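Colleague: Next up is a structure, given as structure tokens.
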Amino acid sequence: MISAPDVVAFTKEEEYEEEPYNEPALPEEYSVPLFPFASQGANPWSKLSGAKFSRDFILISEFSEQVGPQPLLTIPNDTKVFGTFDLNYFSLRIMSVDYQASFVGHPPGSAYPKLNFVEDSKVVLGDSKEGAFAYVHHLTLYDLEARGFVRPFCMAYISADQHKIMQQFQELSAEFSRASECLKTGNRKAFAGELEKKLKDLDYTRTVLHTETEIQKKANDKGFYSSQAIEKANELASVEKSIIEHQDLLKQIRSYPHRKLKGHDLCPGEMEHIQDQASQASTTSNPDESADTDLYTCRPAYTPKLIKAKSTKCFDKKLKTLEELCDTEYFTQTLAQLSHIEHMFRGDLCYLLTSQIDRALLKQQHITNFLFEDFVEVDDRMVEKQESIPSKPSQDRPPSSSLEECPIPKVLISVGSYKSSVESVLIKMEQELGDEEYKEVEVTELSSFDPQENLDYLDMDMKGSISSGESIEVLGTEKSTSVLSKSDSQASLTVPLSPQVVRSKAVSHRTISEDSIEVLSTCPSEALIPDDFKASYPSAINEEESYPDGNEGAIRFQASISPPELGETEEGSIENTPSQIDSSCCIGKESDGQLVLPSTPAHTHSDEDGVVSSPPQRHRQKDQGFRVDFSVENANPSSRDNSCEGFPAYELDPSHLLASRDISKTSLDNYSDTTSYVSSVASTSSDRIPSAYPAGLSSDRHKKRAGQNALKFIRQYPFAHPAIYSLLSGRTLVVLGEDEAIVRKLVTALAIFVPSYGCYAKPVKHWASSPLHIMDFQKWKLIGLQRVASPAGAGTLHALSRYSRYTSILDLDNKTLRCPLYRGTLVPRLADHRTQIKRGSTYYLHVQSMLTQLCSKAFLYTFCHHLHLPTHDKETEELVASRQMSFLKLTLGLVNEDVRVVQYLAELLKLHYMQESPGTSHPMLRFDYVPSFLYKI
């Protein structure tokens, strides 16, 4: 029997030897060399380990004529920044070559010294030994006591990343050129001042020498000059020559800025000096005039001194410091500019490139970037390029235009022009020219939602009201449609025709078919406004509550004119309006205290339900609605008192709208977080003008803090999604709490989810201690409200409960949230409590990225015209709405409440670009009668 070893003995070696496997060569682009500092324990993501400093910094050095190259100061001025980095050695490296080499002295053919104004030189140097690379900006300053009147300096941006220096060379060059021009302008100013002082000294010395020479002449009786007289004469001639030389130097240094008039690198303040100098005459040869003339600034009187004959340019003389060489104001500006440069280029190269690309894209996305982007970070130098004279930081922001300058939009558009799943009453408030205040009321279409859900959450107030002789009454029943009728007692009152189809379905049960919602106006020139307006305006809305035990009915809004007696309505209808009626026909014109509106045709009787009706109009768009303008100025005081019975005193006082809310006391803290509005006490609606302050003086620290607080809110509160949805959909969120610091912190965090109305306005109120009014919900979409435990705070809670169905309320003390239900998918991706993001700045960037995607969807929905316009004449509004909804759900992938978010952003885009002055559009006051749910932890 053959064993295994025998079998092995009979086999050939070739059978067991496998053919060698030759691996394919790795492509060159995938060949990554080993990290050079891997043996030192460094990670590949850290900066070059060969560097002896921890972060980038700026070094200012000088080539001193006494000690050679020496460092002067660093920015930031902290020894921990550059660590063990040898500043003296590196100063020797960057100042070893005179890049500013120029002849200063007596050029050929000239008897006087000439200043050669050389341009700055810019070089890039590297030191592999120190692991440092630098952008070096060489410049020359002038010193009267220095050799050749010049002092060479350089400013260097030192970094461990060579690619950062090379790729950011243009940006570094531009920023350092600004700092250099500012420093040199201050130096020329100081140098001219030194020349003027020197001329005064020389003039005083010449006077003394003249006096001494005359004394010696009188004392000399021999008729020939002594050696002392000859020495005095030579000294006097030297002084005369020095005066001429210094006058020529002063003329040169003063004429330099005129050559820079067409330049673009003038620092702030330099243009003012140029204009002052251009208006004055040139320096004359008279030393008295040149000494007394000060073209730069008013200085205190200078006492001249006698100049010795010996030269003062000795090595034992102490040279001026950099601060002494430059004017104090300009030196401070230069240091601020250098600090700005250090902060601007701080961070990795990838971060800088991403930020630059982001700013470039923001300039291109000027259509949607006003919603969520921070415009302070969009290159501020665009303003400087547009203005010939740079202004101070406080003057960079655009001035707030007055009411007279705010143009009135010609096209009126409603935020609720789309068909919503809830009934919505939208009220547009406009400020007309002059002192009169007009309001627009738009009653939009009604759609159905769950009847039982409506009974639980829809709160209708049952309050009586006394109607005046010229009141407007809106009645609605199950079968009524939107119409207007005219009563016999109001022959002098003309009513606009605004026929509109109001489609509604069953939303509640009623016991009587005549049950209706009444909108009663007690003033001659009023529009139809909700019940809550009685707090601030002499008008009222009374909504009768739906009875649960009755026949199935519908809430309908119908416009009509009622006689003085309540409940008496004239039966009739109005004929169709011609299609030529313009939208301006709906705007009332007031004359002699009456509302003058277009005339109405004859009435037609409707026997069916006792109400007037009107067929739909094809030319009317559903977003135009029913509009009536009224004036608060002409309100009847007596009817005002009648309509305000039963309300708190703080709501009855019209001045409370101005005095009780911190209108003129907007704190500066709001501007450091997110800016809101600057209110005015001129009128009740004059405080709707957006603030002139930029929308959030956001810094990296502010973004980090806001992102971190937003992360804490998302992880701490399980109902964060409905709260964020309220902000994104335009529903005002009120943050209620006792601790002001906690409320402000949360409001600042949630402000990153609030869409803006314009470039310079953020509708955020960080802290309010007085009761809220209906106007507050027009201005603010995020409000921090103080909870007061004392009886004085009862008014605040009463007003908040009064408007609770219009707002979302986040109670920080009780950890509750009352707001509508949210079932979408957008907010969970935006604010996921299970996110692995730890840093606030990272989460802030994540939010900005998600909101940018959201804005792109809103842009597509807004400017796809085929979605909003009928394709043919016979296409109904239902088909247009169906096409819009199909685009939102199928094309954009939106579900449930996410549709409302995109629709709201789209309406903001429309409002923003329908205005003649974008950014100054008045926000829309929007009411959504949707059921609210109470969330608890």
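Keep in mind that glycine also has a Cβ here, set from the backbone N, Cα and C atoms.
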Colleague: Pick from 809-861, 862-914: which stretch is listed in Swiss-Prot under region 'Interacts with WDR41 within the C9orf72-SMCR8 complex'?
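Modeller: In Swiss-Prot, the region 'Interacts with WDR41 within the C9orf72-SMCR8 complex' feature sits at 862-914.
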Colleague: May I ask you to name which of Ser402, Ser513, Ser699 Swiss-Prot has annotated as phosphoserine?
Modeller: Ser402
Colleague: Swiss-Prot annotates one residue of Ser480, Ser489, Ser664, Ser686 as phosphoserine; which residue is it?
Modeller: Ser489
Colleague: Pick from Ser770, Ser790: which one does Swiss-Prot list as phosphoserine?
Modeller: Ser790
Colleague: So which of Ser388, Ser468, Ser546 shows up as phosphoserine in Swiss-Prot?
Modeller: Ser468
Colleague: Per DSSP, what is the helix/strand/coil residue tally across the domain 'dDENN FLCN/SMCR8-type' (844-910)?
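Modeller: Breakdown, helix to coil: 52 helix, 0 strand, 15 coil.
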Colleague: Show which residues of the chain containing Thr796 (phosphothreonine), separated from it by at least 6 in sequence, have their CB under 8 Å from its CB.
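Modeller: When sequence neighbours closer than 6 are ignored, Thr796 (phosphothreonine) has Ser769, Ser770, Pro771, Leu772, Leu785, Gln786, Arg787, Val788 within Cβ distance under 8 Å.
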Colleague: Can you give the mean pLDDT for the region 'Interacts with WDR41 within the C9orf72-SMCR8 complex' (862-914), rounded to a whole number?
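Modeller: Averaged over the region 'Interacts with WDR41 within the C9orf72-SMCR8 complex' (862-914), per-residue pLDDT gives 85.
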